[in-house]
Structure formats: C-alpha cells, structure tokens
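**Q** Please read through the structure below; I'll follow up with questions.
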There are 4 protein chains.
Amino acid sequence: MAQIAFIGLGQMGAPMASNLIKQGHRLSVFDISSAAVSALVALGATAAANPAQAALDAEFVITMLPNGDLVREVLFAADGVCSALSPAALVMDMSTIHPLQTDRLIADMQARGFSLMDAPVGRTSDHAQAGTLLILAGGTAEQVERATPVLMAMGSELVNAGGPGMGIRVKLINNYMSIALNALSAEAAVLCEALGLSFDVALQVMNGTPAGKGHFTTSWPNKVLKGDLSPAFMIDLAHKDLGIALDVANQLHVAMPLGAAAREVYSQARASGRGRQDWSAILEQVRAASGLVGKH
Amino acid sequence: MAQIAFIGLGQMGAPMASNLIKQGHRLSVFDISSAAVSALVALGATAAANPAQAALDAEFVITMLPNGDLVREVLFAADGVCSALSPAALVMDMSTIHPLQTDRLIADMQARGFSLMDAPVGRTSDHAQAGTLLILAGGTAEQVERATPVLMAMGSELVNAGGPGMGIRVKLINNYMSIALNALSAEAAVLCEALGLSFDVALQVMNGTPAGKGHFTTSWPNKVLKGDLSPAFMIDLAHKDLGIALDVANQLHVAMPLGAAAREVYSQARASGRGRQDWSAILEQVRAASGLVGKH
Amino acid sequence: MAQIAFIGLGQMGAPMASNLIKQGHRLSVFDISSAAVSALVALGATAAANPAQAALDAEFVITMLPNGDLVREVLFAADGVCSALSPAALVMDMSTIHPLQTDRLIADMQARGFSLMDAPVGRTSDHAQAGTLLILAGGTAEQVERATPVLMAMGSELVNAGGPGMGIRVKLINNYMSIALNALSAEAAVLCEALGLSFDVALQVMNGTPAGKGHFTTSWPNKVLKGDLSPAFMIDLAHKDLGIALDVANQLHVAMPLGAAAREVYSQARASGRGRQDWSAILEQVRAASGLVGKH
Amino acid sequence: MAQIAFIGLGQMGAPMASNLIKQGHRLSVFDISSAAVSALVALGATAAANPAQAALDAEFVITMLPNGDLVREVLFAADGVCSALSPAALVMDMSTIHPLQTDRLIADMQARGFSLMDAPVGRTSDHAQAGTLLILAGGTAEQVERATPVLMAMGSELVNAGGPGMGIRVKLINNYMSIALNALSAEAAVLCEALGLSFDVALQVMNGTPAGKGHFTTSWPNKVLKGDLSPAFMIDLAHKDLGIALDVANQLHVAMPLGAAAREVYSQARASGRGRQDWSAILEQVRAASGLVGKH
C-alpha cells in the first residue's frame, strides 16, 4: 500500500480519496474547504496544511481540481507540491483541464525533474462513490503501469490512451461528442414533437439506424475509414433531405442551429465536387477544411 | 396475389418491383426510362404507356419517385393515375418527399374519393434487392393492415408509424438525425486526428458513453423524459467543456461549425437560468426556443 | 398614357396601382379581395372578374403577389393572363419571389410567345404611397426602356440591374445582406449592453469604421477587389479578436450564433494558409469554399 | 513634457513611441527585441534593461503588448514595472486584450496603490506612423484628463469611452462587428457572383439601404430603440426572404454559415410570437435569448 497525497476533495475527489483509504492506502489530504478535509480525516486521512505538506514523503500525488490554473498553482506555488516533492514520486492529474495546459504541466514538471501523468475520469459522482469510474490514463508505459494499481482503487475500467497527454485528449473528444450530440438530439426530438410524431416510434426507428447507433460503428468502418467513397447514400441526397428537414422546421418554428450548420457543411462538400460520393466522405470534407489533407 | 401498378423504376424502385413479381403479384409498370421498363417486363411485368394505363384495374398503386412534385404530376396529370383509378384501390407513396406535401397529397386524394397512404423505406439499394427494406408505414389502421402483405414482399420489417403522414415524418426525423450526426462525427474525428490521439482509443471510449451510444437510450430516459432536471452532469460544466474543445479546435484550425452552434445553445440555456440543471435539460431549452413549452 | 392590367392589390400593390391612376393611366384591376378591388374602382380603375379579363387589351400587365406559385397561377391558369394576353404586351412581375422561379417564368412566357420582365421594388409601403419606391428592373434593354415610364409612375429611382432576372437577384442579395446584418447588429448591441458599455459610445466609434460603414466601401475596394492580399489587418489577428469576443459573450451568456459561425470561417481561412493575409481575403476564402475559384 | 516609460515596441508600439519623442517627451523604452530598442534609442530614447528600470521616475507608463498575460508579467514580475513605479504615476495599457483581464489589471493595480487605465487604439500601423490613431480611452474622468495630452501625441481623435475598462470594451465591440460583418459581406458577394449578378449593381443598391449603410443609423433609431415594434418590414417576411436566399445558395453550393445561423434567429423570433413585429425587434429577441429582458 502506498503513501498518497490527494489534493482537491470536491464532489468527485472526496469519494475517490475515500476509496483509496478503503483499499488500505495512506492518504495526506488538502483542500481549501476545511469541512471537506475533516470528512476525510474522519475516514483515516491525515490533514495537510498546504499542498507541500501533503506531498512530503508521498509516493503518489493526485490532483482533482476545477481547472488548469489551479493545478499549476497547487504544483508550483511557494507552498506547492513541488517544494516538497521527491523526484521519485509520480504526480497524477485527474482533473478535466485544457489539453494544451496538460502538455505544459508535463513539460514544466519534467524540466524540474519531476514526473506527471494525466488520468482524468469518466462517468459520474455515483460511480466515484462506488469505485467504478472509467480511468483515461495518459502517460509513458512505465507511468501507466506504476499508476494502475492506485488508479484501479477508484475505478472499474482503465483505458491506456496511448501516451502523455492522451488521457485528457480522449476525455475531451468524448465530452465534445456527447455534449454536442445532446443538443442535436434535442433538435430531432423537438422537430418530432412539432410534427406530431410519437417519440417512441421515432426511437424505435432511430435505434436501428446510424441516427441512434452512431456512424463510428455503422456507416464509416467499411467505407471512408477504408478509403471507399463509392456511394451507398450520396451526399447530394443527404443534402436534399437535410434541406427538407430545415424547411419543415422553419415552417414550424423549430430551432435547428446545428442542423443549419450541418447543411452548410454538406453544401461545401458539394462545392468541392463530392456530391456523388458516399455521405461518409463528409469526414474527408472536414479534414480538407481543416488543412489536414495530405498530412496522414 | 394482387394487381399492382408500380410507377418509378429507379435504383430503389426496380428491385422493389422485382421482388413483388417474385412473390407472385401481377405488375403493370411505368417509368420515363424505357430501359427500366424493359428490364421489368423481362421479369414478367406488363408495360404501361402512362400512369393512367398502369393504374387501370389496379388494386394497389405504388409510387417511388424522386420528389413530391413528380408524385403530384403522376397522380393528377391528364394521363395520371387518378384518371383511371378505382376508388377501391389503395395508393402507397413510398417516395421520400416533403411531409407537408404528403399531407396535401393525402387530402387532395381524399377530396377526389381516393385513398393514399405513405410508406417510405429505410436502408439501402442492397436491401431493396434482398427484399429486406425497413418499411415506415403511415396510414389509417385499415390502410396499414391492407397494405402490409404487399409491403412485406419488399421488406423484412415494418414500423406502423401511427397514422396518415407519419411514415414520411419518421423517415425525415431519422434522416435528419443521421445526416447531421454524420457531420458532427466528422468534427470529433478530425479534432481527434489534429490532437494526435488514436481514433481507435477514441472509439473504445466513446462506444461506452453517450458520445457513441446516443442520448436517447442513455442520459435522457430516466432524466428529462421523466421530468427530472436534477444534475448528474450540469449544463454549466458541459458548456465549459465545449468551450475548451472549441478553443483547442480553433488553435489547431479544426472546423467545428456544429460544435460552435451547440455552444451557443448551451449559452442560451445558461441565460435561461438552466446552468445548474442536468445537461439533458437542453431538450427543454430547445422546446422553449421553439415555442413548444406549455403545449404538451 | 397606357392601358394596364394590375393584379395583386395588397399593402404594396394598392398604393402602386393608385399612383398609376393618378398619372393618367387606365387600369383594369384584379384581386381575390373584392374590398381591395372596390377601393381602386373608387379611384377610377375598372374591375376585372379574373386575370384574363384584366389582361384583355392591356399594353402592360403588372403582377404584385406574395409568392411565385401565385404568379404562375395568375399567368397560366385557365382564366389566367395568358389566355387573353396580346403578344405585343409587356408583363412586369414586381413581386419578390425566388429568382430561379423568375427564370422559369421568363422562359415559359417566351416559349408561349409572350414577354415578361422582373421589376421588384425596394423601400416600404410609405414609399409606395408617396410614389417614391426604388425600382429594381431586370430585363432586356428594350424591355427596360419600354417599362421605364410606367415604372417611374410608382417610384423615384430605377436601377437597371443588367438583364432578365437580375432585378429579382439584386433584390435578393440586398435583402439577404440587410436581414442577416440585422441579426448580427443585435448580437453586437446585446454584447455592448452586457458589458455595461454605453451604446452611444459604441455607435460613435463604429460609425467611423467598417463596423458601421461596411466593408464594401472601406476595406475591400483597394484590397481584395484589386487582388491585393497584403495584410493591413491580418486574418490571424481578426480570428484572435473574434475569439475574445466569443469568450466574453459566453461568460456573459450573450447569444452569438452568427459570431460563432464567423469564427469558424476565419478558422478555415487559417487552415487554408491565409492566416497572414489581409482580412479582406475572407472573400477569397468563401469563394473557394463555394467552388468558385478559377471560375472568374 | 513628460518622462514616459514605453514597453512594447512592435508594429504599432514603435511608431507610437517615436511620435512621443517627436513631441518632446522623454522616453525610457523596453522590448525583448534589442533591435527594436536600438531603433528608438537612435531617435532619442533611453534603453532600459527591464520594465522596472524603464518605470523608474516615470510620470506615465505605456504598455503596448500582444496579450494580457504579457501585460500582467510586465507589471507584476520581479523586475516588473510595479517594483519601481511611483504611486503618482499613471499606467496606460494601450494593448488589445481580453476586457475581463483589463478589469483584473485595474483592480490589482489599485490594490497595490497604483493607477492604471485602458486606452487601446483603432486604425492601422500607417496611422500609428502618422500620429493619427483613434484613441479609445477608458478611465476615471481624472485619469482621462491627465492622459489626454500624452495620448493625443499619438492620435488625432480621442473617444472617452465612459469609465475604467470601457476603452477596451468599445474596441472589442467594434472589432467583433467589423470582423463578423466581413464574413457576412463575403457571403453576400459570393452569392452575387454565383447568381451572375454584377457586383457593381449590387453595391449601387446596397449602398442606399441598411444592407450597405447598417441598421444602427437607419432602421433602428426610430423603431426598436424607441420601443416601437410596429412593422415597417415584418419578421415573418424577413424570415421568408432569408429562406429564399439560403435555398438559392444551397442550390448553387454557396457557403452561407452566417446566413444559416441568422435564419434560426428569425425562426426563434417567430416561435416567440414576434412574427408580425418589425424586423428591428430582432434586438429584443437576442436580448431575451441572452437573459437581459427586464434588466434595463
């Protein structure tokens, strides 16, 4: 069992720290809320007066904070982690922060002779309580191997995201997709309601198609991801159907800003000569618009 | 076995008509392409000189055409279907057209003493060949019951969408969702590439969350659809994460028009006082923006 | 003075017809509202039972209707204009309709041996009353010359838009720009309010810059329109400032969907290697995205 | 004539500092580029080894830097301005930075007993050379009065933006409007080209309407800004025209992301019951969507 500094005892951090104690680890904890600290002390943790004190003698340091500026401060301030940290320790930032900030943290720690990896988590505070979080580990093979026993005391599944900074990257991609998809789903559901169509019927149909199942596992794998742009469903037709949906929505006053933006993407794909390619070629269109073509 | 007029022998219509013949139905077919007509005659169909001739003595008339204007013309022109149609016949429009045009077709046919239902199809031309289309049937209970044996000669699954005009509505919702989602998926995939993250890792993670599985079956059923807006994941945090993704994307030149539109929706949700509600409350936000609140 | 058929006596049509009468023209009028017809008859017009009767003996026919479908019906229905029209007459469609519908009207009339030009109007119903409308004339040189005396009885300014269908095109471009600009102006004004800045101060500044004066007459003429993309204000910097504005707006909950869309356009310009070009090069970016490059 | 520290000798800063010298002021200058420093020394400035040295004995300190983080560093680092600054001096930040960062700078300086005002500039580096910049002064009445002689040595026009932080705010609003308008203008110009319409004709028309002249001085002052929402041009009609423009643009593959976003704003205005209000009521719509209604 390890000596662990845990800094940041909020809605997620508190139950995560609690699970580490239950597994037999020795914790020195810090938070700006003394109530949060007391709650952990009651479970067996030691209270630290500041991040430096928490980090003293630690084999692992875990930070679980609201943003990257706070992580920087906790690490590098006068009474910060680094002022007391052993070069042999491993710092794991489990916060959800800006990935380019993570990159700077990794570099700045390395420059000082310290080791930091990213390991943000998926799922909710209920999962944090139950110790069934999804751990998205970014780090060198050695860092991830060393961290795994500690991380798995808080979660039930660990994804090795493939290198330093990749944990926070995969978290960001996943959240981007699910958060924007949430807004798109709302547009479809509201159009459904405005059209007087049963949402149950819509779900019954969508859950058997890419509308409900997504494209990553249905329309893409055997098409664009293999370089095949031959049309199963042409971009011209997809553009037409999107136009009908927007026209109906605008007649019924249904707000469709994502759909409206999507139609312009299909329109640009047609302007690029892709009208008769498969709709999965939208991926190539967005790659081109982002300057990535030829950079594979 | 029935006497059926089939009008529109394109990429979808031709194999659908062919399957009807294989099942033993008697077909009288019309298309502007004489080659398309000849191909069906070779399989046992009778060629008609115009839609009227095709409709003569028909128990069922099927239209499978590129747009609603053509359907109108085929029905109502001087030599159109209605000039020879028996009031006892059932017309099934299987085309993908504007749903408000479908409504007008149904009303205009009824006013002339005829019966029309909508029955657009899902899936691809491969499925049309194999007779495994998804049939989205809109019509009265009586119309759907009567049409089912004929429709099931072309498909392997039939969804009764709940009333006249509902077949084309559910097709539109499904296509809207899948087509716009395709563009959103491309944004996420391209951001993944620009961030140097393995797409396989991203898929591994997303396929276990709403990002890959959708919200209709994960985050919504026990929350907003039951009137529960208590936060599992707050709109304020979703807005923050979307902001980070957009900031990174803009630094890396990745085009994110759907994500940018989505952030403004979340921003409006916050302006409406929903910042501390669950992210599934975006549904209520879009309903409100569309004037539907209080119209349940 | 001419014999004129005037069809469509709405908010704009009625005062326009009235001005023609005041100038000494003889009018035969038709509208579905008998009250509207009676009001004109009281001023000296003759009532027609249908468009055909109105067109009998007319030298000019003017249509001022809500949409293109109605114009088609008024022209081509059984009792429509064409059933009684002299091939020597000139039809002027002054409605605001879809320009591709205008093109079809022009072609269909020509195919029947008739002459139609477009002449939609600018300004408001107050200007229609005062006879000070802006006339946007599309037609052959001969048509425009012949129509001018009649048109100028309703307006104070006539722009020859350069050929058949060009009147409705310039109307559309103008309305597109002013309507979308209205929404953009609202975003700027609301951000101003949310920032606690006096709108009068903002106006004082903007009215001296392209923000208030527009780009067509300030930043473009000596730059991109002359092929000069050297930077006075770089796209990279414009993208940065837009990012600051969006960040502030999102912190303050100000809805900026147009601004958010604009930032993605600048981002795509940077992805295309235009970051260090002048911001007026956004024109070339949108041309490229629309497939127009190399088509000059 | 005053003793002035000038920090940041870039494309704008160098000619601004040069004009101060020409007017007789004594300058102590600092920049990370020694070449930039030497050029000013050749004109009569004194070179400083760091910001602190530059600030020694200064009556005024001017910062002209690329972003707010640099301004903070220049002020607050160990060898920063504040380590040598007299409490009697006035610091003028003329950089274009995030306005909420400006607010923090003002507060943090005040907490240390120092005085800082914002005074970003408008126009280009040509105007910086000529000493004809537009100065956007934010500060207390006393600060602005004291700064004016120094600022006017660099510019030909000074706008008192109304208080601390208001200079940077009005700069941001102005830039937001002009930068987004640039993208919107490109959409209109490209649609014009795709429609085969002469751009000169379009300009001739637009320069006589709000399309070219803007709404701030035309359609708004006597309408929405006075609380009058009675329709001169109804939102329903504006929404219709925008729909026609988008339909044509999508047929011609012209990219219209801003226009597409604008249509959804008008659609939401109609959903809010504003369809028959004047189009200037879009301002009230955006205010409501931003949570500002009732906050006047």
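Cβ from N, Cα, C; glycine included.
Just so you know, TrEMBL annotations never went through curation; they're auto-generated.
Here's the feature list from TrEMBL:
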- D:3-159: domain '6-phosphogluconate dehydrogenase NADP-binding' (DOMAIN)
- D:Gln11, D:Met12, D:Asp31, D:Leu65, D:Thr96, D:Lys240: NAD(+) binding site (BINDING)
- D:Arg123, D:Asn174, D:Asn175, D:Tyr176, D:Met177, D:Ser178: 2,3-dihydroxypropane-1-sulfonate binding site (BINDING)
- D:165-284: domain '3-hydroxyisobutyrate dehydrogenase-like NAD-binding' (DOMAIN)
- D:Lys171: active site (ACT_SITE)
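Tell me about the setting of these features in this model.
**A** Contacts of D:Gln11 (NAD(+) binding site) defined by a Cβ separation under 8 A and a same-chain sequence distance of 6+ are given as D:Ser125, D:Ala128, in order along the sequence. Secondary structure at D:Gln11 (NAD(+) binding site), taken from DSSP and collapsed to helix, strand or coil, is coil.
For D:Met177 (2,3-dihydroxypropane-1-sulfonate binding site), no same-chain residue that is 6 or more apart in sequence has a Cβ closer than 8 Å to its Cβ.
Looking at the domain '3-hydroxyisobutyrate dehydrogenase-like NAD-binding' (D:165-284) alone, the prediction's average pLDDT is 96.
A helical conformation is recorded for D:Lys171 (active site) in the three-state DSSP classification. Within the same chain, residues at least 6 positions away in sequence whose Cβ sits under 8 Å from that of D:Lys171 (active site) are D:Thr96, D:Pro120, D:Gly122, D:Leu136.
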**Q** Between the Cα atoms of D:Lys240 (NAD(+) binding site) and D:Asn175 (2,3-dihydroxypropane-1-sulfonate binding site), what distance do you get, rounded to the nearest Å?
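**A** D:Asn175 (2,3-dihydroxypropane-1-sulfonate binding site) has its Cα 30 Å from the Cα of D:Lys240 (NAD(+) binding site).
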**Q** Measuring Cα to Cα, how many angstrom lie between D:Asn175 (2,3-dihydroxypropane-1-sulfonate binding site) and D:Met12 (NAD(+) binding site)?
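**A** That separation, Cα to Cα, works out to 17 Å.
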**Q** So what sits near D:Met12 (NAD(+) binding site) in its own chain, CB-to-CB under 8 Å and at least six residues off in sequence?
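**A** D:Met64, D:Val121, D:Ser125, D:Ala128 - these are the non-local Cβ neighbours of D:Met12 (NAD(+) binding site), listed in sequence order.
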**Q** What Cα-Cα separation, expressed in whole Å, is found between D:Asn174 (2,3-dihydroxypropane-1-sulfonate binding site) and D:Asp31 (NAD(+) binding site)?
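**A** About 28 Å separate the Cα atoms of these two residues.
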**Q** State the count of C-beta atoms found within 10 angstroms of the C-beta of D:Tyr176 (2,3-dihydroxypropane-1-sulfonate binding site), not counting that atom itself.
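**A** Other Cβ atoms found within 10 Å: 27.
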**Q** In Å, rounded, how far does the Cα of D:Tyr176 (2,3-dihydroxypropane-1-sulfonate binding site) sit from the Cα of D:Leu65 (NAD(+) binding site)?
**A** 20
**Q** Could you state the CA-to-CA distance between D:Asp31 (NAD(+) binding site) and D:Ser178 (2,3-dihydroxypropane-1-sulfonate binding site) to the nearest Å?
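**A** Between the Cα atoms of D:Asp31 (NAD(+) binding site) and D:Ser178 (2,3-dihydroxypropane-1-sulfonate binding site), the distance comes to 30 Å.
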**Q** Roughly how many Å separate the Cα of D:Leu65 (NAD(+) binding site) from that of D:Arg123 (2,3-dihydroxypropane-1-sulfonate binding site), to the nearest whole number?
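**A** Given the Cα positions, D:Leu65 (NAD(+) binding site) is 16 Å from D:Arg123 (2,3-dihydroxypropane-1-sulfonate binding site).
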**Q** Can you count helix, strand and coil residues in the domain '3-hydroxyisobutyrate dehydrogenase-like NAD-binding' (D:165-284) using DSSP?
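**A** Helix, strand, coil within the domain '3-hydroxyisobutyrate dehydrogenase-like NAD-binding' (D:165-284): 82 helix, 2 strand, 36 coil.
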**Q** Given binding-site residues D:Gln11, D:Met12, D:Thr96, D:Asn175, D:Ser178, which are under 8 Å from chain C when comparing Cβ atoms?
**A** D:Thr96, D:Asn175, D:Ser178
